[in-house]
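First the structure, in the form of structure tokens, and then the observations on it.
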Amino acid sequence: MTLDGFDSGRTARITSVNWAILAEDEGKRLQALGVDEGAEVAIVHRGVFGTRDPLALRIGNMTIAIRRAHAAAIEVEAA
Amino acid sequence: MSRKHTVALVGNPNSGKSALFNALTGARQKIANYAGVTVERKAGRLTLPSGEPVELLDLPGAYSFDAASPDEAVTRDVVKGTFEGEVVPDVLILVLDAANLEQHLVFAQEVLELGRPTIVALNMVDLAERDGLTLDPEALSEALGVPVIPTVAVRRRGITELAAAVAEAETHADEEAHKRWHLTLPERRLSAKHMARAAILSKSTRHTIENGVDRILLNPWIGPVILFGLLFVIFQAVFAWATPFADALEGGVGVLSAGVTDTMAPGIFRDFLTEGVLAGVGSVVVFLPQIVILFAFILVMEASGYMARAAFLMDRLMAGVGLSGKSFIPLLSSFACAIPGIMATRSIADPKDRLTTILIAPLMTCSARLPVYAVIISAVIPETTVGAGVGLQGLVLFALYVAGIVGAMIVALVLRRTVTKGAASGFIMELPRYQLPRIKDLAIGLWQRAWVFLRRAGTIIFVATIALWVLLSFPKADEGESQLDASYAGAVADTIHPVLEPVGFNREMSLALVPAIAAREVAVSALATTYAINAEDEDLAAQGVTERIAALWTLPMALAFLAWFVFAPQCLSTIAVARRETNGWKWPIVMVVYLFALAWIAAGATYWIAVSLGL
């Protein structure tokens, strides 16, 4: 399943990232922030009601904000 | 040991680099732009323990050398020595967030691979301790092959040790380090993990405060309420808290003006000082307290880590007009002044997002509009209450702010579908850790912004005011002729008045717009000077500009004038900074044309509607 559908608060392991559907610089940026195969992430906050966009992601000791569209490119499994 | 001349700070964003820079240099800082690019160059003087001064350069934060943003490209080129016009730094200070080692060590390896003389500042060790981490700087030093100094920039811990280590650093490149590493990103990440693990002596499972605080501040229901509450407090404070200071400044200018009148013989030079210099520049300096208060809030929001949360909360709304939460920060700054606002768009990576934000920033109601709004409103809008505690004057002012915001959102929507059309913008942003801002860092930031404002008042506004005074004062009118009709300014007014007559402007209003191109607030002093010079007798000359407007303008005229100032690009500095930040004249011209068109239409619509309503 993809990260945007994963439960908040639970830790997910990234199995693959569909870089092709991300803009090139966004992909690079996510990778530089540690979003890549094998990394463990958790959704810690979701944005405003309704759309629940954007998401706050805990990765390592860092919190990063991304949009659901990015999260939809990230395949995960429960860690 | 050879002499060192420049030292550069490098590191990830949010590693506390700027706080370290402030701690190392104090207020001895110079901010400029790198030649040819829109990235800011921050340099200051660092005094080594020997007393030897070196230039310390604060490079833009970077996650990687191989990434997209212009900031990161500058950092890469400067440390590699390929940036034209910039010398290669003799020593690098690599700043790492002690609590976020695993992530920051990835970029650290990229820096160390260059083989430049490097010292590591293991920064924010206090936050790491707060999170229950005990670190071993020596193990890290061994793993990296360079000295590691634990620091807490905001509390000045480790600063002297860091300066001493810089003095000790050898200035020749370390060929071995260059050979030792040459890794791919996944390899770097793996070795960062190992190094971080080796450097962490113990790790308690204490919960970071971020999660708890964010659960409230980023809550989908409570978060926006807190943000809008805060914004309300900010704007309330800008008006209420600034009043005593503004009154004091105004009083000071008045005393000065009276002093000049008393001590100098009547004549052209005295008129020049009182009508030109003091009336013009004085009317602008009065707004310094408001600028300082607004920026104090913005700087605290940034330094504490809340600003990124505000961007997170605003992202959804901004996405509605094709922007991202990142645009919220520059737009909020633009309420103080569009110039720093436009410069703050540098943090937006996407070029189309950034351009759109630059083009709409002038629509945020900057503090330069306040003098115009305040004078016109108090002249023509009655001081009646329309409801519990709500005055009509305040309501009109609020409506003007809303008109600017709504206008900006509509323009953004149109721009994103036309000239800045492109892929839907993304939003990727680190939410930094919460931190108590340091007073000294705030003071430095406030001083820099206040200085920019005062310099503007002292240059552009000064020159515009004097030019107008000269144009209004010469040639001298003959007996029985009005000074305005006789002057050069009168001729200028006659030229542009036909364009503005349909939207309800009289000749004085049209004339005031000319010097106000330089800066909006000049409109007030322009009207004051025009009415003062043009007064037919002494009684009229003694009247303030507010009374003259109240007597001579109709309500529809005044409302049209207000509507004009919501939109019109009446600020040379903004146009200049837009040119600098977009590297050319094309976009500033687009901006000026669309804003004038909007201003004319808005003023006209306001006037025609008001007249047809019989106001």
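One is the number of the first residue shown, and numbering goes on along the chain from there.
Just so it is clear, glycine is given a Cβ too, placed from its N, Cα and C backbone atoms.
These features come from TrEMBL:
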- B:4-172: domain 'FeoB-type G' (DOMAIN)
- B:221-242: transmembrane segment (TRANSMEM)
- B:276-301: transmembrane segment (TRANSMEM)
- B:355-381: transmembrane segment (TRANSMEM)
- B:393-415: transmembrane segment (TRANSMEM)
- B:453-472: transmembrane segment (TRANSMEM)
- B:549-568: transmembrane segment (TRANSMEM)
- B:589-610: transmembrane segment (TRANSMEM)
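For the transmembrane segment (B:453-472), the most Cβ-contacting stretch among B:221-242, B:276-301, B:393-415 is B:276-301 (pairs under 8 Å). Listed as Cβ neighbours of the transmembrane segment (B:393-415) (distance under 8 Å, sequence separation of 6 or more from its ends, same chain) are residues 321-323, 331, 356, 359-360, 363-365, 369, 373, 377-378, 381-383, 386, 562-563, 566-567, 594, 598, 602. Mean model confidence of the domain 'FeoB-type G' (B:4-172) amounts to 86 (pLDDT, 0 to 100 scale).
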